[in-house]
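Here is the structure we will look at.
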C-alpha cells in the first residue's frame, strides 16, 4: 500500500508548480483571518468564549423545543445565549442570585422535555484567571516551538515555513469554530494546543528529510509525504471514532450519554488535521522547494531532479563527446600526413625538376 501511495504522490510532486502549492493554503488562511477579524469586530473576541472564560451558569440538554421556545421560557432570567451545538441545546445565563438559579434548575430538571441535562457554573474571578492562563499557554507553546525549530534547522526559511504552517493550523480551526458556533473552552484550548504538536511533527518530518538526506529532491518529498499522510490518517481515524462515539452513540445506546467536551475536542482536531495536510504538503513543500531550487535551471516549476537538469547534463556530455571526436579526427589527419612523405611540396619539387 505504501508503494502504491508513493506511485500516486511522486507524479503530483514533480508536475505541480510551487506557486500553485503555496497559493491554496494561503487563500484558506486569508479567508480564516477575515472570518476571525469579523468575529472580533462583532463580539470583541476572536472566538466566542465559553463558560470557562466568562463565568455564569450553563445548561446543555437534548430537547425537541425550539430556540425561540427556550428563550420565551427563561425570559425572566439573565439569559445570555441560546444556541444549538450538534444535537444539544445550550442555554447560558449570566451572574444571578441563588434564588433565581434554584428556580431555573427546577424548570429544567422537573421538565420531561429536557433530557441528558448537564450543568456548569464558573465564578467570574476564576474565569478571568483562566483567560490569562489559556492565552499564556498558547503564546508560550508557539515561542517554544519556534525556538526548537530554529535551533534544529538553523535556517530562516525552513524554520519560518514551519512556524507559518503552525499558525495556519491554529487560525483556520478558530475560524471554523466561529462559523459553526463552537465556543472556546478548556477542552477546545487543549485541542488547539494538540494541533501545534501535530503540525510541528509533520513539518519536521518533511523538513528534516529534505534538508538532511541525500538524493533527488522530489523523491525525498514524495517519501516524506507518504509517511506523513499515513501518520495523519491513523491519527484522524482515532479522533473520528472519538467524535462519533461521544456525539452519536447515545442514539443507538440510550444509556450512554453524549460527551460534549470530547465531541468538541475531536471535531477541532479533525479539522486541524485536514488543514495540516494542506499546510505541510502544499504550503511547506512549495516554500522549501522554491528555497532549495532558487536560481537553478529547470527547477522553477518542477522542483529539483526534474527533466531539465538531466537534459542539460546530456547536452554537456554530447558537447564534450563532439569536441573529443573532432580532436581525434584532427589527430588522425595529422598522423596520415606524417606517414605520407610523397604528398604536398616534395611532389611539387619533383614535377618542377622534370619540367626543367
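In case you wondered, yes, glycine gets a Cβ from its N, Cα and C as well.
Just so you know, TrEMBL annotations never went through curation; they're auto-generated.
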Remark   = Matching 114-133, 134-153, 294-313, 314-333 to TrEMBL annotations, transmembrane segment lands on 134-153
Query = Same-chain Cβ contacts of the transmembrane segment (265-287) under 8 Å, 6 or more residues past its ends?
reply = 13, 18-22, 24-26, 28, 157, 160-162, 164-165, 168-170, 172-173, 176-177, 182, 187-188, 190-192, 194-195, 198-199, 202-203, 206-207, 221, 225, 228-229, 232, 235-236, 239-240, 242-243, 246
Message = Could you check whether the transmembrane segment (134-153) and the transmembrane segment (186-206) come into contact, where contact means at least 3 Cβ pairs under 8 Å with the two residues of each pair 6 or more apart in sequence?
response = yes
Message = Are there residues at least six beyond either end of the transmembrane segment (21-41) with Cβ under 8 Å to its Cβ atoms? List them, or say none.
response = 47-48, 168, 171-172, 174-175, 178-179, 275, 278-279, 282-283, 285-287, 289-290
